[in-house]
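Quick notes on the structure that follows.
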Amino acid sequence: MMFRDQVGVLAGWFKGWNECEQTVALLSLLKRVSQTQARFLQLCLEHSLADCAELHVLEGEANSPGIINQWQQESKDKVISLLLTHLPLLKPGNLDAKAEYMKLLPKILAHSIEHNQHIEESRQLLSYALIHPATSLEDRSALAMWLNHLEDRTSTSFGSQNRGRSDSVDYGQTHYYHQRQNSDDKLNGWQNSRDSGICISASNWQDKSLGCENGHVPLYSSSSVPATINTIGTGASTILSGQAHHSPLKRSVSLTPPMNVPNQPLGHGWMSHEDLRARGPQCLPSDHAPLSPQSSVASSGSGGSEHLEDQTTARNTFQEEGSGMKDVPAWLKSLRLHKYAALFSQMTYEEMMALTECQLEAQNVTKGARHKIVISIQKLKERQNLLKSLERDIIEGGSLRTPLQELHQMILTPIKAYSSPSTTPEVRCREPSLMESPSPDCKDSAAAVTSATASASAGASGGLQPPQLSSCDGELAVAPLPEGDLPGQFTRVMGKVCTQLLVSRPDEENISSYLQLLDKCLVHEAFTETQKKRLLSWKQQVQKLFRSFPRKTLLDISGYRQQRNRGFGQSNSLPTASSVGSGMGRRNPRQYQIASRNVPSARLGLLGTSGFVSSNQRHTAANPTIMKQGRQNLWFANPGGSNSMPSRTHSSVQKTRSLPVHTSPQNMLMFQQPEFQLPVTEPDINNRLESLCLSMTEHALGDGVDRTSTI
C-alpha cells in the first residue's frame, strides 16, 4: 500500500472517531515523533490558532476558578457539556482552576452513577482527566476510585432484564492507573507534569516513564483504532447492560473505511462491509452485551479503553500465539455476534469449529444466535472447497476481480496454521533445496517449463517436442492438499493469481488488490515460513512487473479495458493492438519491420504459436499427459487459434489477423507483439520474456515442501 493510501485509511478512521478518541490517538502518535517534528507541529498549531478568538475565550473560561465555581449552580446536563469543552483547555500549573474541576468531577460522576445517565460523557471526562498533564498522582488516584464505582454500578444492573443497554464501563483503566502510579507524576514521557502534550522540553524528551509502553499509556483504544496505534493488546469485550439513557454521542458499528478494492461485494458472506479493514488485533464495540466475565472494550461514541483481563481468572485464546483465534472477535463483529466474544475466548480453534446448537444452548445462547453461529461455522468449514473452486476458475481464464475479492474477505476469517500428523520423507528430502533456493518469481510447475523448453527448442524448426512431466511436479499438479490445510490451499490460489497477472494484460486494479492481499498474508500467523517466502517472492515479481510498465500504459488502460479482441476468443492473454485501435488515433501510421536484432529462441520459443498450437492439437488425443497441460498452454498460446503471438523466426513483416500492420509506437509499446521490433530504447518485451522464462524455470526447480505449485 502506498503512503498516500495509508494516510487515506488513517484519515478515514480519524474522521469516524469522536473528539476524545482523536485526542488520545494524536497524543499517542506524538510520543513517537522526534524533537524537531514535535517543535514543528507546535509552530504549525500555534500559527493556525493565533486568530481563533472563540478558542481564546473558551480557554480564558476554562482557566478561571470563579467561572468554574459558578457551574455548580447549573443543571447536570449543562455542567457535563461545559466540562467536556473546557477541561481539555486547562493549563498545567493552574492549581486553583484544577481544584475547581476536581470538586465538580466527583459530583457529576456520582450523579451519573446514581441515575445511570451520561455514562459516555462520564467516561470521556475521566479519560481527559487521566491523560491531562495538569493532573497529579493524587488526582488520578481519586479518579480511579470512580472507575471502580462505575464498574460496581453497571455490574449490579447487569442481571436486570427490565433494563436496556448501557455503554461499556472500562475495568482496565484501573489496571493502567496502577502503571501510571509508578511514573512519579510523569505523563507520557514528559518529566514535568506542567508540560503539555505539545510543548516539548528538549532536555527531557527522551525521559520515558517507567511502566508505560513506548513511553505512553493508551488509556483509550477504540474498536476502530488500528493495531499499529494501540500499544496495548486487545482483550475480549464485556458490555454490561443498564438503563437505556445513554449518551446520544454514538457512532456506527465500525468506522473503518472499506478496503481499497472498488465495488467489492460481500461474496459468500464471510465478512460484512464494516469489517473490510486492515488485518490486526481488533477490539469490539458495545452494540450488544456479551455474556462475559472479562474486561470490556470501549463502546462506540466514547472510544473507551482497551484493556487486559486478569490473567489469573480465565483463559483468553484470542491472545494466544498460534491459536488461530485472533481474528475471531472481528469475525463475530462482522456477523453482529460480538456479544458472544467472551464465550469464544475460552475455546480452542478446534472446539469452535465443532460447536453444535446443543452446546450453544447450554451456554444460554439465544435460538437465533445459535442458528447463525452454526451456519457461519459451516461456511468456515467450506472455505477449502471454495478455494478449490476459485483455483479452477482462475485456471480456466476467468476474471480475477471476483477471486481477489473472495480472498480478501477470507483472509479476515479465523485461520489456523496447518499441522501435519507426520512429515513424509519425500517432503523432508525436498525441503533443504527449497530453503536454499527460494523461488523469486511467481511459481509454476515443471510442466509449464518443460512445455516452454520444448517450444523454445522447436522454435527454429517450427515443430513442438512432446513435453515431459516429471513425476514430482506431476504429482504436485494433481494431488490435492490435505483436508484442513487452508493456508496451503490459500497459497496455491495466490500462486495461480500471480501466474495470471504475469501473463495477462496489465490491470493496475488487480495488481494493487493482489499486493494488498499479499501484505496481509505475510503478517498472518497461519502461514508457514516457507509459504511466506514463496508469497514474498511473488510480491517481488508482481512489483517488478508493475514497475516495468510505462506509466502511460497504466493510465491508458481504462480507455480500452472494456473492449475485447474477437481473435482471442475467451483467452485472457495479452490484448492486441487491434483491440484498441479504435480508441487511439492512428496519426502518422508507420510500417514497422523486424530488425536484425533477435531475442534468443530459448526465450521466444515459449510464445511461438503456429507450431505450438498445431502440435498441441496433434498430441492431445493420444497423450493424456498433454491433455492435463491444455490449461497450462492457454497462458502462453491463443486458444482461438489466431496467430496473436507468432514466432520471431522471420525477417520480414507478415500480416496477422490479430495485429494490423499499421500501428502507432504507443500501441507497439503497450502490447509488445513479438513479430514487430520495438525501438532499441524500449526493451520492455525482452525484459518481460526473460523474467517470465526465468520465473518458470526457477519455480520448477524450487517446487517442493508445502505442495503449493501454481499449476
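Including glycine, each Cβ sits where the backbone N, Cα and C put it.
As recorded in Swiss-Prot:
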COMPBIAS  568-581  compositional bias 'Polar residues'
DOMAIN    323-396  domain 'SAM'
MOD_RES   Ser168  phosphoserine
MOD_RES   Ser420  phosphoserine
MOD_RES   Thr424  phosphothreonine
MOD_RES   Arg566  omega-N-methylarginine
MOD_RES   Ser573  phosphoserine
REGION    278-323  region 'Disordered'
REGION    422-448  region 'Disordered'
REGION    565-588  region 'Disordered'
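Helix, strand and coil content of the domain 'SAM' (323-396), in residues and according to DSSP, is 53 helix, 0 strand, 21 coil. If you draw a 10 Å sphere around the CB of Ser420 (phosphoserine), it holds 12 other CB atoms from the protein chains shown.
Mean model confidence for the domain 'SAM' (323-396) is a pLDDT of 89.
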